[in-house]
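What follows is a single structure, written as structure tokens, with notes after it.
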Amino acid sequence: REKQTEDNNSTECSEPGAMDLKFTSSRKYISISVPSKSQAMSPHIKSVDDVVVLGMNLSKFSKPTQFFICVSGVFMFYLIYGYLQELIFSVEGFKPFGWYLTLVQFGFYSIFGLIELQLIQDKRRRIPGKTYMIIAFLTVGTMGLSNTSLGYLNYPTQVIFKCCKLIPVMIGGVFIQGKRYNIVDVSAALCMSLGLIWFTLADSTVAPNFNLTGVVLISLALCADAVIGNVQEKAMKLHNGSNSEMVLYSYSIGFVYILFGLTCTSGLSPAVTFCSKHPVQTYGYAFLFSLTGYFGISFVLALIKIFGALLAVTVTTGRKAMTIVLSFLFFAKPFTLQYVWSGLLVVLGIFLNVYSKNMDKFKLPSLLGLWKKSVEERKSRTLSQTV
């Protein structure tokens, strides 16, 4: 009887996918079989070790080659993105139609996300619709207010503001979650704040069309941008959603939001009339503007996945600095050295913020340590001379 039971036990264990609990008068046994990794994971997570960007599998290349491809993609697509964005607003008469540009951009992003979703095996929606409604609202606030602010601000000023996401994040953390920050974080926020104030004052001094409304709009966009990242990350981790799903549903719902808002405020008809008179400068540039932005974020996500957020922040910060330089080179605008010093102050704040988040990975030498090291080197030098 015992032999027959053992034979049955081995038979049960050899069957995959089975989990049985059986009781007999002589003994109790449990048969458990764990499915293989390929069986357990859904199709869009199956290649979690592969990093595919624009149909190119970066995992086949060496680390230096991966870094070169990602950095080249970030700089190329985002520099074109920034150039086209400023070029659209340089069209005479287009500045009041920032929300319509966001509507067109959301439409293109929805199409790109739908195409990408059709290319993957798992097409199911995993994140709840209520979550997407919140994410879409925040996305509309981030991109809509940011685009609209260009009707009132110089493009370099807008970019400087977008570099300072830490400020609303820290303020929200203090008042909403009761967080406490170390001296490095406070110093980073202080540098960014002073840099922003200095840059804005310089803009108001040299720019004849400066308007405080633009500062309010980009500040609100910054607050929405500070919240949306946390909401997206939490939703994707909790429900295991893919990037293409996130893009498709958040931007398509946001498209409906903006379309409803423009219809209610009678802002749709004038924008359509104006753009129909300048189709190449509006719809043509908007298509390239949206396409390069969509490709650029793909390379940023790949950079984060392969090399981590620290290196990704460094690369994107360098890209923003290059965008500001090209903006002054390609588009005529007043310039003052105050832009340079205030920009460097913001960059210092970004460095302090990155250092604060990665203090365990790299440590700067202390003054006491440097002094002790110099004393030891002096002693060893004296001893060698004596010998």
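Cβ atoms here come from the backbone N, Cα and C positions, even for glycine.
Here is what TrEMBL says about this protein:
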type	residues	note
TRANSMEM	67-85	transmembrane segment
TRANSMEM	97-120	transmembrane segment
TRANSMEM	132-153	transmembrane segment
TRANSMEM	159-176	transmembrane segment
TRANSMEM	183-201	transmembrane segment
TRANSMEM	207-228	transmembrane segment
TRANSMEM	248-271	transmembrane segment
TRANSMEM	283-303	transmembrane segment
TRANSMEM	310-332	transmembrane segment
TRANSMEM	338-355	transmembrane segment
Segment proximity, the transmembrane segment (132-153) to the transmembrane segment (97-120), 3 or more C-beta pairs under 8 Å: yes
Proximity of the transmembrane segment (67-85) to the transmembrane segment (283-303), 3+ C-beta pairs under 8 angstroms: yes
Ranked first among 132-153, 248-271, 283-303 for CB pairs under 8 angstroms with the transmembrane segment (207-228): 132-153
Stretch in 183-201, 248-271, 283-303, 338-355 most in contact with the transmembrane segment (132-153), if contact is a CB pair under 8 A: 248-271
The transmembrane segment (183-201) in contact with the transmembrane segment (338-355), cutoff 8 A, at least 3 CB pairs, sep 6+: yes
